[in-house]
Amino acid sequence: MPQFENKENKVLLMGPPNVGKSVIFNHLTGLDSAIANYSGTTVDYKEGRITYRDDDIYLIDVPGTYTLDSSNEAEQVAVDMLNKGASLLVIVLDANNIESSIYLLLQILEMGIPAIAVLNRIDLLEEKGYSFAAEAFAEELKIDIIETVAVKEFGLAELKNKISEKIQIENQKKLPKKIKASWKNAERLSAKYLKQKSKKAKNKREELGDKLSSPWPGIPLALLILAVIFAIVVGIGMGLRQYVLLPFFRGLVFPQIYRLVTMFTTEGIIRNILVGEYGFLIKGLEWPFALVLPYVLSFYTALSLLEDSGYMPRLAVLLDGLFNKIGLTGGNIIPLLLGYGCAIPGIAATRALATRKERITVAALISLAVPCISQTGALISLLAEESILVMFLVFLVSFLAIIGAAIIMDKSIEGKNEPLVLEIPPLLIPEPKMILRKVWLRLKMYISDGALMMIYAIAAAALLYELGILEQIGRLFQPIIEHWLLMPSEASVPLILGVVRRELAVLPLLEMGLNSVQLFVGAVVALFYVPCIAVLAMLAREFSFIFATKIFLFTIGFSFFIGGIFARLGFLFI
Amino acid sequence: MPLNNDLSLKNFPKNSEAEILHVPKHSLLAPLGLRKGKKIKILSSQAFNGPLVVEIEGRQIAVAKDIAAKILVRHEVSAHAAI
Ligand SMILES: Nc1nc2c(ncn2[C@@H]2O[C@H](COP(=O)(O)OP(=O)(O)OP(=O)(O)O)[C@@H](O)[C@H]2O)c(=O)[nH]1
Ligand SMILES: [Mg+2]
């Protein structure tokens with residue numbers, strides 16, 4: 001439960017999806033709520049604080065909702081928040097889609113809570129040649145209204161003042177006029193105050209938006225865009241690693257570390273723990289920062305561009321037909337793509353899916369067969385130098401597994417998928433500042449959550465290795481690793497570490513001198529192996545402990561099973 | 001209202017404009033502008049039996065064919081008010 005559940009000065013930021021609530025929230029609170037150009041970016045509430053003079057005002061970013069009749073779990077959060085009450089509501093209207101915004105406004109006002117209306121995205125409205133008489137509209141409803149262009153920060157200072165004014169001055173708390181929430185009233189109000197100033201043909205950006213969402217030329221363009229993105233992610237990632245980060249660490253940093261460590265330690269266990277086989281001063285820097293970080297950087301740059309431009313829903317529309325054939329719907333591409341970054345936001349994003357069945361299916365697919373970017377980086381490090389072919393084979397196996405698992409889950413989970421109804425937002429040019437900020441946030445998160453965790457795990461491994469405990473544990477796995485997977489017994493190390501983080505199921509394989517078949521088998525086992533601990537915890541939280549346990553057991557069983565089969569097939573060919 | 005195929009949005013030609021006569025019950029259709037009396041334009045029909053992309057008052061929405069089949073429209077847009 002939120003800490004200020006019962007606090008005074010609770011302000012809810014509500015409105016339809018994709019109107020810019022999170023942009024406003026971030027500006028007012030200095031926090032970082034996720035922003036992207038599609039419906040259902042915010043899937044849970046987020047709390048922030050505005051300090052104004054002596055007052056603390058608690059602002060809550062709420063998931064967007066088209067109406068108060070929720071159509072998914074994210075929208076349900078919004079309805080629940082509203083039902084719990086607040087001191088003040090800030091209701092953000094989409095100037096670009098004013099009619100349905102007015103309907104939602106009327107619905108929310110029926111709750112009888114003091115409110116301020118915000119008319120956002122007026123830039124898009126003007127661009128279409130329309131204007132909305134906000135003052136007169138507000139007059140009729142007896143509500144305060146503020147016009148904003150959140151991305152340009154226009155009107156936000158005024159909004160902040162208005163919020164604190166409303167909170168501070170008791171007699172300001174008079175309620176807006178109650179008008180019955182009906183489509184007839186919304187249409188009437190919209191018709192009365194929305195005026196067309198000039199007829200404008202679609203501009204270049206809008207035309208491009210249309211092209212991207214029609215089969216021709218949308219499908220070839222989609223293939224091109226995805227190929228370019230793949231090339232950028234892998235190319236920039238590899239380039240950074242090969243020509244910048246590895247030379248930096250290996251040429252400059254590591255020699256210094258060796259020098260210092262040998263100066264202060266004698267030959268033996270301490271020195272080995274620091275700079276030996278799993279020496280955590282070496283691997284603890286090289287793995288997270290030289291091998292994985294470049295891909296985190298390149299992937300999130302590409303993903304942020306996809307998110308902010310509004311391309312993701314277009315991709316969803318193009319893919320819907322194909323996805324239906326394997327028991328998914330087009331909208332599922334959004335959580336899946338997010339899962340290629342990290343499973344946790346991917347699974348969170350399933351809250352915006354229409355049915356429980358889809359949620360469970362997509363969450364399971366992400367946990368089983370979608371490698372997160374850290375693991376992808378590790379896989380590329382492991383495989384690309386050895387053989388590009390093996391790398392492509394591993395990605396092919398991952399795709400086939402997603403398709404197979406989707407079909408099986410569709411058949412085995414009761415119920416039908418909800419047919420697609422999806423808003424295609426206007427195509428927007430991503431703001432470089434926003435992209436930089438998003439990538440920076442991701443990097444910070446990777447370092448504080450991912451890299452640090454990796455360093456701890458490596459330190460623990462170094463210690464256990466030097467104490468001979470790792471070998472003992474390894475012996476337990478030995479039969480299955482040597483006789484079933486046909487790998488050297490040291491390959492138990494990644495399987496132990498891999499429970500902590502996905503890429504650690506891969507990285508220890510780097511210096512084992514494996515042949516191509518073993519590399520392939522190791523990579524495939526890692527791919528299907530247990531998603532990391534944090535993901536299991538997320539699954540337990542979002543679904544149930546039983547579901548998380550099932551995923552845990554299944555991924556272990558399946559990864560070994562498939563690995564052994566590939567090991568045999570592979571050796572047939574050599 | 002009986003389902004009449006000639007009137008179904010699903011069978012309407014691309015790039016033509018129509019007036020909506022009937023929309024099935026669905027929590028997302030009305031807020032996305034698919035309501036009786038609105039003018040609707042079909043922009044594209046997606047591959048592999050995918051959704052229709054339609055435009056209503058400048059807003060674009062993808063609607064699965066299963067649902068589009070239950071949305072009834074007529075070609076001429078007459079002036080009389082929607083009831
Ligand atoms: N042109 C324009 N774009 C805007 C404006 N405000 C926000 N956006 C863009 O609209 C998109 C959605 O913004 P968000 O803040 O994520 O929207 P939200 O209301 O939080 O959406 P949900 O979390 O899905 O409910 C982003 O791509 C923003 O850059 C604006 O005033 N003008
Ligand atoms: Mg949001």
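Every residue, even glycine, has its Cβ placed from backbone N, Cα and C.
Automated prediction, rather than curation, is the source of TrEMBL annotations.
Annotated range for transmembrane segment in TrEMBL, selecting from A:136-155, A:256-275, A:476-495: A:256-275. With pairs at least 6 apart in sequence, the transmembrane segment (A:517-539) and the transmembrane segment (A:388-409) have 3 or more Cβ pairs within the 8 Å limit; the two touch. Residues of the same chain lying 6 or more positions beyond the ends of the transmembrane segment (A:221-244) and with a Cβ under 8 Å from any Cβ of it are 211-212, 290-291, 294-295, 297-299, 301-302, 306, 311, 315, 318, 377, 380-381, 384.
Mean pLDDT of the predicted structure over the domain 'FeoB-type G' (A:8-169): 95.
For the transmembrane segment (A:443-465), the residues of the chain that approach it from at least six positions outside its boundaries are 272-274, 276-280, 283-284, 287-289, 292-293, 296-297, 300, 374, 471, 473, 493, 496-497, 500-501, 503-504, 508, 534, judged by C-beta separation under 8 angstroms.
For the transmembrane segment (A:360-382), the partner stretch with the highest count of Cβ pairs under 8 angstroms, out of A:287-306, A:326-348, A:517-539, A:551-573, is A:326-348.
Sequence-distant contacts of the transmembrane segment (A:517-539) (same chain, six or more residues past either end, CB-CB distance under 8 Å): 343-344, 347-348, 363, 366-369, 371, 375, 378-379, 382-383, 386-387, 390, 393-394, 397-398, 401, 449, 485-488, 491, 494-495, 498-502, 505-506, 509, 547-548, 551-552, 555-556, 558-560, 562-563, 566-567, 570-571, 573-574. Beyond the transmembrane segment (A:551-573), the same-chain residues lying 6 or more positions past its ends with a Cβ under 8 Å from any Cβ of the stretch are 364, 367-368, 480, 484-487, 516-518, 520-522, 524-531, 536, 539.
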